[in-house]
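A short worksheet on the structure shown next.
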There are 2 protein chains.
Amino acid sequence: MKSCGVIVEYNPFHNGHAYHIEQSRETAQADCMVAVMSGNFLQRGEPAIIDKWQRTRAALQSGVDLVLELPYLFAVQHSDYFSRGAVQTLSNAGVDAICFGSENGAITPFIKAHETLTAHGEVFNNNLRKHLDEGLSYPEAARFAYEDIGIASIDLGQPNNILGYSYIKQILDHHRHVTPFTIERTGSQYHDQHMDGSIASATSIRKELLAHGEMTEKALDAIPLPTLDGLNEYYQKNKVWHHWEHYFSLLQYKILTTPAEQLQLIHGVDEGLEHRFKNAIKKATSFHQLIENVKTKRYTWTRLQRTCVHILTGLTKEEARHWLHEGTAYVRVLGMNKTGQSYLNVQKKRMNVPLLTQPQQWSHPVLDMEERSVAAYYSALPAQQRVECMSKEYGSPVRI
Amino acid sequence: MKSCGVIVEYNPFHNGHAYHIEQSRETAQADCMVAVMSGNFLQRGEPAIIDKWQRTRAALQSGVDLVLELPYLFAVQHSDYFSRGAVQTLSNAGVDAICFGSENGAITPFIKAHETLTAHGEVFNNNLRKHLDEGLSYPEAARFAYEDIGIASIDLGQPNNILGYSYIKQILDHHRHVTPFTIERTGSQYHDQHMDGSIASATSIRKELLAHGEMTEKALDAIPLPTLDGLNEYYQKNKVWHHWEHYFSLLQYKILTTPAEQLQLIHGVDEGLEHRFKNAIKKATSFHQLIENVKTKRYTWTRLQRTCVHILTGLTKEEARHWLHEGTAYVRVLGMNKTGQSYLNVQKKRMNVPLLTQPQQWSHPVLDMEERSVAAYYSALPAQQRVECMSKEYGSPVRI
């Protein structure tokens, strides 16, 4: 059985994602499509609009055969760690290929860029450090450092290309048995705020939904039926589609009740950021206001959002340093259909990390962090629903 | 100017309190009545129904001349530390007398009891330890230990007598220049749940108000006009009368996201209580349910409530051990009338600890703990009101 992995967030699953799955299956000639998906918090440092279980179900009902969890530890990180965790998880799960979306759909420029980097790694690292010292944000500094060594064949200013390039680096450096593919993105750009037609970005769909607080015609055009059902079901049950403002009160409490010297131990709270947060939080009445007042040229909105998630979950520098370095320690199944199940039955004998269908099967610090992120995420829910939703963390994967 | 101190919580200020002030003033022949009051969290480990500023205003409008803050560190503790902090604060503020309510209004039994204890201190301590080892709660163990050495002239099963006796111990051991008085309590008992007539316990008034969510005829009978105004104003502005259930979501978040080995560092989380909390919190959908499931013969409801407050504010064993031992480091004014002001003008020259009318006048770890308790308390409010209320912490005392 041939398999192809995709690296996703599905926040929420939309028509563009369905197209990506279909195209990837064709390109890689795959029988089983395996998605590694961020859990309840996402790479840009935001809570997912609905939880990982509803997003898993929608993905399975829309063409994905198997959904694996990208642990929180790797999911809410800049592209390098995010990619490392995602590619490792897919590789551990035994995929033959990985297919990602890019701006022009050609794999050669990515591979060439990687060759250039391998040849000029030291220069790249020195320049990266230099640009960071100049006060640039990490993505900016990285982009300039790439340009310095002549990687200009792909536009590393495009979010999809940045991620794609990180995947290629991981695959070619550590997982050479996995074949990389890329397909051209269609329709809206990653961050597009406006939506028009049946292919829209997840960002624009969320914006539309959160602005109206209910399903709209426009959003309906851009998502398949399972996503519609998932969004509606989640809202009816839990009275919420998650966004940052739901967590502002909690974040304010956490920052105010955590002494500066402890806040400083949190992953991402660097270079006196604890004092910027402590000063800004006293007067802020919304999350938006807080970030506006804390952000600088160096600390981008996304970087600060990620840091705020880590403040909520209490992820320390020490934990992050140690366990990011260790790499993914397990493969956790969020959901599967019959094809996914058959695939796993074959693969599980070959895996060299534990395969978890229930997290309590195993005890591991990275699972503890996952549990903390789950508790933080559902704290936006009413008491009864909160307890019900949290219990899903210890239940079985979604099966369709 | 002759002064008399009282030790209070005013949660809320009611007719019984007004009577206590009046009687104490007469008994001690005082020109200035000084109250040391718990802030936003109370001795029994509960949030005050309205904040310390509204309670201060009501007290000043009902006969008190000067309101001082009992720091959070001392306020949310068993009777020994509570009394130590309260008597020290009053003594530091230079009061001539302290007058407390007791079941029969005679001071001699308290003084005799103290003499007995001084003579048999070692036996008392040994017996106390023995009873604790038998699994009794602290109040029970202390009561038996008192009985063991023959202190039976006052009923140390009565909450007011327990507190009164703690005050006497503090005064006679460390503050002999202060004259102790006691007056007989009238009307309802401390913990009475039922109210009837113009003298009712604060417990029964809170129960009435929280059950109805609005002012009732019965409650109105038991409180003076300034308390009515304070309760109404606070509710109109902040949409809340505080009780534990408002904090349950926060507490659940905090317990779930704090690793057991860190939870264990919190003051009061002893002997594996961290595991009892962590297990019970997963399934609890209310604060009441949580405590029901955690409590044992040894860990009383009150003791656990206090521990939950410390979990919310992050008060560590290390902080508590060190700073409770150090004693009160300052006298903070919450409010005063002209008499209170004149009194302070004279006393401040004699004080050997700083007199604070604004906490940012001084930097001290006990003030940092206060700030954390303020942040935790107001986290029950909507964002705009929360920021406004928190800013009062850095403002001036109430003046009438």
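Every residue gets a Cβ built from N, Cα and C, even glycine.
If you look up TrEMBL, you'll see A:7-20, A:Gly101, A:Asn160, A:Arg185 marked as ATP binding site. All protein chains shown were included, and the count of other CB atoms within 10 Å of the CB of A:Phe13 (ATP binding site) stands at 33.
In the shown protein chains, 25 other C-beta atoms lie within 10 A of the C-beta of A:Ile7 (ATP binding site). Summary: among the binding-site residues (A:Tyr10, A:Tyr19), the fewest other C-beta atoms within 10 A of the C-beta are counted at A:Tyr19. A:Asn160 (ATP binding site): 17 other CB atoms within 10 A of its CB, across all protein chains. Around the Cβ of A:Gly16 (ATP binding site), 21 further Cβ atoms fall within 10 Å across all displayed protein chains.
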